[in-house]
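First the structure, in the form of structure tokens, and then the observations on it.
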Amino acid sequence: RLVEGDNSCSGRVEIYDRTEWKSVCDSDFGPEAAAVVCRELQCGLAPAVPGSAHFGEGAGPTWDRELQCVGNESLLASCPRGAPREQPCNHSRVAGVICTRAPTQPLSPLPALGGTAFRLVNGSTRCEGRVEFHVLGTWGTLCASHWDLEDGHVLCHHLNCGFAESIPEGGSFGAGTGPVWRDSFHCSGTEAHPGQCPVTALGASPCPPGNAAALVCSGPVSLRLVGGGGRCDGRVEQLRDGAWGRAWAGPWGLREAGQVCRQLRCGEAQAAHAPPGPPRAPVGHEPGPTLPDTSVPSEGLEDVGVVCEGSRRVRLASGAGRCAGRVEIYTHGTWGTVCDDGWDLRDAAVVCRQLGCGAALEAPGSAAFGPGQGHIWLDGVNCSGHEGALWDCPAAPWGQHDCGHKEDAGVKCS
């Protein structure tokens, strides 16, 4: 985007990277890159590329590498990039652009999208189809290369379509006719709509023709889990008379919690508990209703909670960005680490692929990214490298280990 100018076709150059806007150093931004920016924003040509913070110094971080555009690219994301800077750019040297044409319509950068800016088209219902979103005055399609189930869950929730049942092969609902966006969403599953998810907007490889992202949602649901770390753990709520509220009457244990988890396609229950306190030990297998009894008055219902298998996820902590760091797994309602016994590049490859972070470069152990806290969930991990998730690999049973946090495993991805 261009900010602090007379309109959205002039101003200081800013790039949205992961979760924040970053200014660009004038030494990393030439007339070729400026031409691409004006073209992408539908603002004509770029006769002026003022540097030295002509439109103000801005605030926050700066983009850390050169944009090596040729000038004929249609999107800034298509431009090659140089190696990262060793030192950040001084804010007094940030770049600006003045394009030849003022905008003829409001511009909506991707991170600001919300409301009805997303839709599913060409499916048999409104809750399945090709993923499209509205930007720069037109509907475009999303490349399927980095579109995954967590991203789909957020979009289904935003469209009041329940949760994501599947991510069909790219192009399953047609290729679309608008522009193709190659942005990579990195949703955790807790966001209200995809526009709140971290986004990698630059550096994506070209999208194969016709590879438009697709999604099949469950359709509207009457049960949900809220207040947890994702859609598969939290307090159980039921939709009653158009409002969400307490969901359960009668006994509550692993059997009943399992019924909720299975209905929400979240696997089996790991724990049943009663919020707002912390999760407690499972309370047994008492008989109970298959579904909440909607005939029970709302004042007879209680707060109950559940942690399902589907709440498991992995992250890399304490590294330089989301693609390097200490391996941490969220399961049984809490984050824990992985022991480095037998930890190697094949194990790291599964983590990198699971996070959409490319190939595994290193698999350091001995708490290379600092010692973690809490449980050590896995020990003796022995992946082939082709598993879909780290917990699909052979390993000791959950929580069984002979390690300390000084042996926490780490990963560096490409």
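Each Cβ is built from the backbone N, Cα and C atoms, and glycine gets one as well.
These figures come from a predicted structure and were not determined experimentally.
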From Cys79, Cys197, Cys207, partner that TrEMBL gives for the disulfide involving Cys143: Cys207
Cysteine of Cys352, Cys383, Cys393, Cys403 paired with Cys413 via disulfide, per TrEMBL: Cys352
Disulphide partner cysteine [TrEMBL] for Cys403, chosen from Cys323, Cys339, Cys357, Cys383: Cys339
Candidates Cys161, Cys197 - disulfide partner of Cys187 as recorded in TrEMBL: Cys197
Overall pLDDT for the domain 'SRCR' (1-100), taken as the rounded mean: 82
Cys187 (disulfide bond) and Cys143 (disulfide bond), distance between Cα atoms, whole Å: 16
Inter-residue C-alpha distance, Cys79 (disulfide bond) and Cys383 (disulfide bond) (nearest angstrom): 36
Which same-chain residues, if any, lie at least 6 apart from Cys187 (disulfide bond) yet have Cβ under 8 Å of it: Glu150, Asp151, His153, Val154, Pro194, Cys197, Pro198
